[in-house]
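These notes are about the structure you will find just below.
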């Protein structure tokens, strides 16, 4: 080991899956052919890393998880051989599988080694048999019986094999007979290495107390004379050893605590010491060149040691194959400022079309009518094209005016913006009665005019954006209830209706919230995201919400994309079939996520799974096999329909169709193992137990089946199911009442919770999904009366039960149904709030192994938040998508879709106690989506800060950062900040108003039409400069500084409250602000580089703290534009929290009468 040897690289061992946690490396080895370092983990995966930077090269699942960890890796010119307890696997260095060997007597393999024949290896373990394998053919060529349990093998002059009793056997390379045996250590051998004529071992022995400890000696043996040599002393405990590949008598000896010693076996006094920065070492390996040393430790990391001046794994390595670099197309300088004459024009001899006069342009015909998407499932092939039954949505000989449809607007006109209503309010005071009448008529239109007409409340709803953003949109026009709707303009928001249905099933809601409160931190856990969403919908109390985080997790699943469940894949797929496929995917993923945390619990199966078995019988040989047939979602299977007898034939009742669908019996062609050929087989399902929640897919793929649903009262609101002797009996209506009166045993009553339906109104062209839900079932108050509500994205309104369960309209198609056992009615369980797992708040969590900043101190158990604990919050965001703006012919602009932001940094500070103002959360969030703008001027985030490979900050996934805030919210903390409404919306979390203190509203003057920025308030109150703008593009805001300033402003406001001088302070602040333009004066008389003052709220307001003023429209307008703000700062303070006044920790120096210090001093 040369003098400049040091740690060159440190990388975490990759997680076994995309949403798993890092795991330890069970074995590491340097490739003797290429510049690669290989590592195996406990899940059967082997991964290679290239070069001194340990760049990830390949990763392969070589062994099933059930086979156990990877225990050894060997290298051959043709590939890499790995060994697990039950199998041996060979791959190429690019990751292609060559062969896989498993044998019934391979029960506990531990080691392998090359034999005298270079194309053969021998594998052994703690079992009675050893196997010889031909590498070229990938087959077992010989099986040898042995009386020893071998744990390690090294090939040299002999095949040195270590046993589990602490002995070492020298085996002959020809017949593998024991030539010599030594008792090397008392209990077990931990590591050994053999090279040339020397063998060195490290192991454990039993001392006085009876527990094995590491021997302080490394034993040395001469393989030429088969005799022991003097041992090498190593007082730290010799746990691992490797012989130098070039210096024949030099070896590396290491302890479990990371002490490294390079010693000459022939001269033990010549030693070289190093200390590796590890907590507990698990293994070492040295490269064939002797220039690099690899260490794996218990903290799931791999360390590479060597000389910075020269590091090569091999003397002569083969070139590593990499993927070909895709050539980029030539760059074209194209921008809005590029003149068209730079492109050039071809030579022409005739007049161009663009020069034709207008009187020569004619309309040659209307565009063809688009194919009705509801017809797609019913298409049948013909000699030319396809045909389908006529849906009869138009009258005979009636055609569509397709040219008018392309420009037709939605029948449901969006309401006026809040700012527009505020401006008109003062002008319309004298015409109040007229306005009231208009509003009443608008409400009447929303509820429709006739029973057979498509009601306006079923129309598509779209969010309109003004220059004041989404807060200016009047959501209360669409929702006057206490139940919150979900916003659109989010990818895959077509699932909103299904999410609402799942939320109102009490047992599913309880399952999701209890899981979210557990230890789960898997990044793409849908069950956790459902718990967060359901909690947010309950806390919103009628305010609009969005399922951004859940839908982002849903979009990240490769299975969802492969199955065509994402929005971009729905162009040729009907919404009804898509939502039923999404329903199956959600339920299967919920079950998977639940078992990740509670693998042995059957709580989910009891709630959601139909426990059944499937018997498959061959019709030819009568051979029958039985396999599990559990299902989470059942599809309705309809018999051959005779619509004339549908009303009288009991077989067409919903209950009988449901029974036949649950215990279905079908015939099909399948493979028979007994006949060894495809035969006609019968598949029959036997049900053993029904779930408490019965979720059904309507599966309406036939127009005739659609007529069943049009029968009034065909869908029952309650059903009864009895499972007895493997048979299912289902009842409804009068039959059910008779069964209840007779007190039939094992009868389970189910109530219809709700359903998802597709709305396809031809006049609006665009089909969408809504849900009808009986909200009384999930009510906390016991009530027997049904209360049905329509959830059409963010439009929520109460409807009659008959309207919800009526399907005689051709544009209303049922998709998903949900029944729940009546015993679970009103079963809303909030016990999860008492079992919150708060471990995440008290320990550091890092994705990139980054060291926590010195200014951050993690919470201690003594500082556990309690209800009323104040914390200061500030966040930073980056732009993922720019706003979509429609420029009209008159030059005006309309925001079609706002810019999409991603959470980049979260800082939370203590709001009280001896460490008041000290952050305990300061996390940067890794973002996998493309970032179009880091907005460094406002966020302080620079390129590379959110990349795990280059970031110097503490990086965490969005799930971890979100869960920390969610835990603080449900622990009852009070969030203090500036512009919190914007932050909470972008974080996608709902915080009740009694848990927020927003300094933007504390320092709001009722008579002024302006909200002050945090930057100006810091100067006005404390005479301090923050968020200073600079010409340096890499300088930006600091969220810790902003959160601390908001906390100080709140503490100072409390002092003003106690002194009773709030109004005087606000008057002085606004008077001084008017003189200065509501921005701090230049520092030391030198003007700083400032952008234009914020005099109007714009959609590009990237910082929630520099909030410009509301429009100058008078007091009524201001009140409407700030509907979420309290009437006065005193009311805001009293409504937020009442704490003791500041102890002066944050008191500024102060030079004026009202600014800079406490007025009480």
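Heads up, the Cβ atoms here are built off N, Cα and C, so glycines get one too.
For 874, 876, 983, 1042, the entry in Swiss-Prot reads divalent metal cation binding site. Take the CB of residue 983 (divalent metal cation binding site) and look out to 10 A: across all protein chains shown you find 26 other CB atoms.
Positions annotated as compositional bias 'Polar residues' by Swiss-Prot: 1097-1110.
Annotation source Swiss-Prot lists compositional bias 'Low complexity' at 1116-1129.
Feature annotation from Swiss-Prot assigns compositional bias 'Gly residues' to 1145-1155.
Marked as domain 'USP' by Swiss-Prot: 453-822.
Looking just at the domain 'Exonuclease' (871-1049), the mean pLDDT is 87. The domain 'Exonuclease' annotation in Swiss-Prot covers 871-1049.
As annotated by Swiss-Prot, region 'Linker' applies to 316-452.
The region 'Disordered' annotation in Swiss-Prot covers 1094-1161.
If you look up Swiss-Prot, you'll see 20-59 marked as repeat 'WD 1', on the strength of sequence analysis. Same-chain residues lying 6+ beyond the ends of the repeat 'WD 1' (20-59) with a Cβ under 8 Å from its Cβ atoms: 8-9, 11-14, 65, 67-75, 77, 80, 82, 84, 91, 93-95, 282-288, 292, 294, 296-298, 300, 302, 304, 306, 311-314, 317-320, 521-522.
Taken from Swiss-Prot, the feature repeat 'WD 2' applies to 102-145. Per-class residue totals from DSSP over the repeat 'WD 2' (102-145), listed helix then strand then coil: 0 helix, 26 strand, 18 coil.
For 276-315, the entry in Swiss-Prot reads repeat 'WD 3'.
Taking DSSP states H, G and I as helix and E and B as strand, the repeat 'WD 3' (276-315) has 0 helix, 20 strand, 20 coil. Under the three-state DSSP scheme, residue 1042 (divalent metal cation binding site) falls in the helix class. Applying DSSP to the repeat 'WD 1' (20-59) sorts its residues as follows: 0 helix, 24 strand, 16 coil. The number of other CB atoms found within 10 A of the CB of residue 1042 (divalent metal cation binding site), across every protein chain shown, is 28.
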